[in-house]
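What follows is a single structure, written as structure tokens, with notes after it.
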Amino acid sequence: MAPISKVFDYLVIGGGSGGLASARRAAKHGAKVALIEASGRLGGTCVNYGCVPKKIMWNIADLVAKMKTAKQNGFPNSQLGSFDWGMIKRKRDAYIGRLNGIYERNVNKDGVAYISGHASFVSPTEVAVDMNDGSGTQVFSAKYILIAVGGHPIWPSHIPGAEYGIDSDGFFELESQPKRVAIVGAGYIAVELAGVFAALGTETHMFIRQSKFLRKFDPIISDGIMDHFQHIGINVHTNSLEFKKVEKLPSGELCIHQQDGSTFNVDTLLWAIGRAPKIQGLRLEKAGVKTLPNGIIIADTYQRTNVPTVLSLGDVCGKLELTPVAIAAGRRLSDRLFGGIKDAHLDYEEVPSVVFAHPEAGTIGLTEQEAIDKYGESQIKVYNTKFNGLNYSMVEQEDKVPTTYKLVCAGPLQKVVGLHLVGDFSAEILQGFGVAIKMGATKSDFDSCVAIHPTSAEELVTLV
């Protein structure tokens, strides 16, 4: 083993959102910090293959959906031309490249040593890095080591021909728009990408094992989005059995063989069946770090593993796999380790999240059923509203996108324990109401706020 070449206070493995946030915060507290990233690009899944490029595509798809009602809003000569997928990919890639550069400059500005290479544990305080520049292996040590390597898409490798498909990362590598796509999966990634494909004109098919998708969300979200998907022509194949095999035809099309003997041809097959922690090659056993059978690193709300010198956060821990969660957890961890804030840690309760579908949806807190299970049915009061926003007032009924809200309250004070939104502007609306709910707002607090009229959000302070 090569000798230890550098000693740090803090080694961060993984240059995604959580690792970057924790490394930079630790450096600002005066710690000597190194950040190790294998891919050669900082930003992690969110910047390179997740939130950012996805939201770019969602924005474009949402623009298309809005433009389809232009004639009904007084623009009789308005018409959509063909969509230039390749041009958008080039511009999107360039934008992501600029973000990668910004992250690297910020790391350097904060005095964090950026190490480009593949890390593996040597001991609970030592990490070996195979350097990406070909210079060989170097060994680094630190008082604390943070594992923030994120996750990766899962593939059904047991299905013959599955490799002819792509995953959510592969979506952003597509050079041209497929005419016909099959998406396998029932989570938010499958739903979001299906919405983008369909809005841009791709014939879109979703294959899900159960009767609905987004089953972990409140029914107003899963049912609301599913109803609208079917209304706009997305083909949702429910109770679908696992494919028998996938065959690549001479034409380049993919032929999906189903269990009943039927076949289905598409240009692109996208697997969105889940994600797994990216722990391959880390040699966690050398540090003694414990994981669950599925590879998730066991860590508490203070991000502590079973090894005192090793911390972990983000998707690799399986707790609320959301970028802002990893960022917040990373900063609080560094505040505790190096900033003198002894009890700093992230509260994983009441974290808002959004599904950028068409229509978009947002949620915070408990679903109606979760609230009943926790407090008892007699202690729960639910308020619902469904309406068409004023932005659809000039639009024919069949082209309107309904908005649905649900407020879940508990106890004699009717504390708001859950809020679920489906409809335009849900993400922006939820951020503000999320603050109120995090502060312990009650239904009477909501009622005491004078409505802003005319808005969709005013419905939440006028519910009866």
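Cβ from N, Cα, C; glycine included.
As annotated by Swiss-Prot, FAD binding site applies to Ser17, Gly18, Glu37, Thr45, Cys46, Lys54, Ala119, Asp315, Thr323, His453. Less than 8 angstroms from the CB of Ser17 (FAD binding site) sit Gly43, Gly44, Cys46, Val47, Gly314, Thr323, Ala326, Ile327, Gly330, each of them six or more residues away in the same chain.
The Cβ of Tyr103 (glutathione binding site) has 23 other Cβ atoms within 10 Å, all protein chains considered. Residues annotated as glutathione binding site in Swiss-Prot: Ser17, Arg24, Tyr103, Arg331.
Sequence annotations record features per position, and here Swiss-Prot assigns disulfide bond to Cys46-Cys51. Of all Cβ atoms in the protein chains displayed, 23 besides its own lie within 10 Å of the Cβ of Cys46 (FAD binding site).
Taking Cβ-Cβ distances under 8 Å and a sequence gap of 6 or more within the same chain, the neighbours of Glu192 (NADP(+) binding site) are Lys54, Trp58, Val355, Phe356, Ala357. Feature annotation from Swiss-Prot assigns NADP(+) binding site to Ala186, Ile189, Glu192, Arg209, Arg215, Gly274, Glu321, Val354; the stated evidence is similarity to another entry.
In this view, His453 (active site, proton acceptor) is surrounded by 8 other Cβ atoms within 10 Å of its Cβ, with every protein chain counted. The feature active site, proton acceptor is assigned by Swiss-Prot to His453, with similarity to another entry given as support.
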Entries of Glu37, Tyr103, Arg331, His453 which, being recorded positions, have CA atoms within 10 angstroms of Val354 (NADP(+) binding site): none
Structural state of His453 (active site, proton acceptor), classified by DSSP into three states: coil
By Cα-Cα distance, the member of recorded positions Glu37, Cys51, Ala119 nearest Arg209 (NADP(+) binding site): Cys51
Sparsest-packed among the binding-site residues, when each Cβ's other Cβ atoms within 10 Å are tallied, from Arg24, Arg209, Arg215, Arg331: Arg215
Greatest C-beta neighbour count within 10 angstroms, which of the binding-site residues Glu37, Glu321: Glu37
